[in-house]
Structures are given as C-alpha cells and as structure tokens.
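Here is the structure we will look at, set down as structure tokens.
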C-alpha cells in the first residue's frame, strides 16, 4: 500500500434523545477534492451514528487508501484499536461473554477498516476543529430532515 493515496476522513454522529432520531456526517478530503456525506435515521443511538459515519466514509473509497481518520468518538476509536480484535476472536462476545452491542456495525466496520491503512486521530468534540464542526452540522441536520431511514440493526438498547 506504499503507493496508495492519503485521504483525510472526518466523522461525527448525532442523536436527539439517545435513543431517538439521529444522523451522521462525514467529510472526505483528498488533495483539492472535498466530499460530504450525511444520512438521518428515525430511531437510533449516538454511538451507532458515530459508527455509521465512519463506515459510510470508508465505503466511499473505491480502492485501498491510507486514511487519516479524525473522530471525536472514543467509542469508535477504542473499539477498533483495542476491543474489536478480541471480540472477533470471542465470536463477537465481550470478555464477560455477553453479546457485543452494535455487533452488526462492528462487523461492517471491521470489513471496511481492513480494506485500508487507517491512522486514527481523536479530537475533542465542539472544540472549534473546522471539519469536525462541519460533520456535526451535517449530522444534526440529517437527524431532523427527511428522507430518514430505519436503523435496521438498532435493537432498542
């Protein structure tokens, strides 16, 4: 992957109520190219929206890339960097042998992350970071407008 292009991906999720209506926002930047993604869901959680922002952004990349992924979600960053490998080894169960919450999205995230070389960066949310603020706007807007999708994997937890 030494010849792969470097893409910057910024992500954020929003949920009004948690659970409640939610949305995600993602911004992809490569050279002079800039693309924004967003989608709203009728009933979901903030964590699911953070995950879907990351999945949607990575899916947008048609070939393997070096991705510098900036998120304000410790849940997503730590999940991928620290927990997911063990969950996968344990049949998507926690160390306490309980089913992993949001397993459907962790499995999709695992697939997408493995297609790329991802460098994770965490930033504090609402700290004035330009792209994170834009992702937040996209996510909040998506959570309040049609068309909204059903979050098929949300089980009401």
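Using N, Cα and C of the backbone, Cβ positions are placed for all residues, glycine too.
The domain 'RNase H type-1' annotation in Swiss-Prot covers 3-144. Annotated Mg(2+) 2 binding site per Swiss-Prot: 12, 136, in sequence order, evidence recorded as sequence analysis. Per Swiss-Prot, Mg(2+) 1 binding site is recorded for 12, 50, 72.
A map of Swiss-Prot features onto the structure.
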residue: 12; record: Mg(2+) 2 binding site; Cβ neighbours (10 Å): 31
residue: 50; record: Mg(2+) 1 binding site; Cβ neighbours (10 Å): 28
residue: 72; record: Mg(2+) 1 binding site; Cβ neighbours (10 Å): 21
residue: 136; record: Mg(2+) 2 binding site; Cβ neighbours (10 Å): 19
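The domain 'RNase H type-1' (3-144): residue composition by secondary structure is 54 helix, 47 strand, 41 coil, according to DSSP. On a Cα basis, residue 50 (Mg(2+) 1 binding site) lies 5 Å away from residue 12 (Mg(2+) 2 binding site).
Other residues of the same chain near the Mg(2+) 1 site, with their Cβ within 8 Å of the Cβ centroid of 12, 50, 72, are 11, 13, 49, 53, 71, 73, 76, 125, 132, 135, 136, 139. Here the domain 'RNase H type-1' (3-144) returns a mean pLDDT of 96 for the predicted model.
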